Ligand code: PSU
Ligand code: MN
């Protein structure tokens, strides 16, 4: 086993016993949501995964180790500490060697899950190609990771803070299969509907599980991205959320926000300007993903 891994007993037993384990990221806790909703969300996700018969494993960097499976105290620290680094692939070795506390992004959670032997990972939304990419070249490392690391990611698509058509083009180029769960279109995080047609639709976990087994038998590298629309009752008004997103992107541009600060800035602006409505939707869609991810993991290991 990798010397940097610190895997919780329960999680290790499940991995070794070929039981369903579902990884969860920590950037969503430290940089994606305000306190105290972030820590409640993290705990409830773990409970939802357990209800489906899978073992949850939230991942973070602590004390020079990659911690796989956190306790309540760890979650509280990630939710409240002011000095938590946002750790993407670029930052992983540094934050580990300097023994700093770090929250893992989608890319880094995939890397760590793979090291531990975990095949499924639930999150809210992935990073992608930012709007204005022509000027900034801002492409999330999440996309490269999906292309090369064998962890299957369950999400609610991506926010339209990103350039979604270009994000889909990039994923195609990199050979990432994007599955629409019960939808023909890419879910847009806060809203179920979108105009971006997907190539693959599947309506049950049995089919998705078969797809993953087939991909693995072929020896194809990379993760499959399963996109799960936000439930209708939690979905936001599209025109309203689109206007808030536009406003946030404009604000980021005017303030000269760059690099890894962009995504957290946009998320916080949208929560503030929607007076918390977007946060409610965000939490609801993560729970929806946790349920689907755990069901899929259980099906896969049958
Ligand atoms: N999108 C969200 N919520 C999030 C993130 C993205 O709707 O919390 C986080 C994830 O951890 C993702 C990261 O991996 O932001 C992407 O950041 P960047 O764009 O800097 O790669
Ligand atoms: Mn970026």
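Every residue gets a Cβ built from N, Cα and C, even glycine.
Curation plays no part in TrEMBL annotations; they are all automatic predictions.
The active site, proton donor annotation in TrEMBL covers 25. Classification of residue 25 (active site, proton donor) by DSSP places it in coil, neither helical nor stranded. Sequence-distant contacts (6 or more apart, same chain, Cβ under 8 Å) of residue 25 (active site, proton donor) comprise 58, 59, 103, 104, 105, 106, 108, 109, 121, 123.
Other Cβ atoms within 10 Å of the Cβ of residue 159 (active site, nucleophile) number 25 in total over all chains. Feature annotation from TrEMBL assigns active site, nucleophile to 159.
Reduced to three states, the DSSP call for residue 106 (substrate binding site) is helix. For residue 106 (substrate binding site), the count of additional Cβ atoms within 10 Å of its Cβ stands at 28 [all protein chains shown]. Annotation comment: TrEMBL describes 86, 106, 140, 141, 142 as substrate binding site.
Under the heading Mn(2+) binding site, TrEMBL lists 138. Under DSSP, residue 138 (Mn(2+) binding site) is assigned to coil, being neither helix nor strand in the three-state scheme. A sphere of 10 angstroms centred on the C-beta of residue 138 (Mn(2+) binding site) encloses 19 other C-beta atoms.
Pairwise Cα distances among 86, 106, 140, 141, 142, the recorded substrate-binding residues, top out at 13 Å. Among the binding-site residues 86, 106, 141, no residue has its Cβ under 6 Å from any atom of ligand 2.
Within 8 Å of the centroid of the Cβ atoms of 86, 106, 140, 141, 142, where the record puts substrate, the same chain has further Cβ atoms from 27, 88, 89, 105, 107, 108, 126, 127, 145, 263.
Around residue 86 (substrate binding site), a 10 Å sphere centred on its CB holds 21 further CB atoms from the protein chains shown. Taking the Cα atom of each, residue 159 (active site, nucleophile) and residue 140 (substrate binding site) are about 13 angstrom apart. Spacing of residue 138 (Mn(2+) binding site) relative to residue 86 (substrate binding site) is 16 Å (Cα to Cα, whole number).
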